Structure formats: C-alpha cells, structure tokens
Amino acid sequence: LDVKKIICVACKIRPNPACKKICPK
C-alpha cells in the first residue's frame, strides 16, 4: 500500500496544491 501513489491518483481526480509537493506532476 503506497500512500503517495494513492494521493497522486486522487490528485488526478481532484487537484490539490499539496499534490504538487508529493507527486512529480
């Protein structure tokens, strides 16, 4: 279970400023 991966997927659905810090895109 990769928390960062889940967050990145959620960001694709609902973008969030925090996503940019955690995820490459």
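Any Cβ shown, glycine's included, is placed from N, Cα and C.
These features come from Swiss-Prot:
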- Cys8-Cys23: disulfide bond (DISULFID)
- Cys11-Cys19: disulfide bond (DISULFID)
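On a Cα basis, Cys8 (disulfide bond) lies 6 Å away from Cys19 (disulfide bond). In this structure the C-alpha atoms belonging to Cys11 (disulfide bond) and Cys23 (disulfide bond) are separated by 9 Å.
Long-range Cβ proximity for Cys8 (disulfide bond), meaning a same-chain Cβ under 8 A and a gap of 6 or more residues, is found for Cys19, Ile22, Cys23. Residue density at Cys11 (disulfide bond): 17 other Cβ atoms are found within 10 A of its Cβ, drawing on all protein chains shown.
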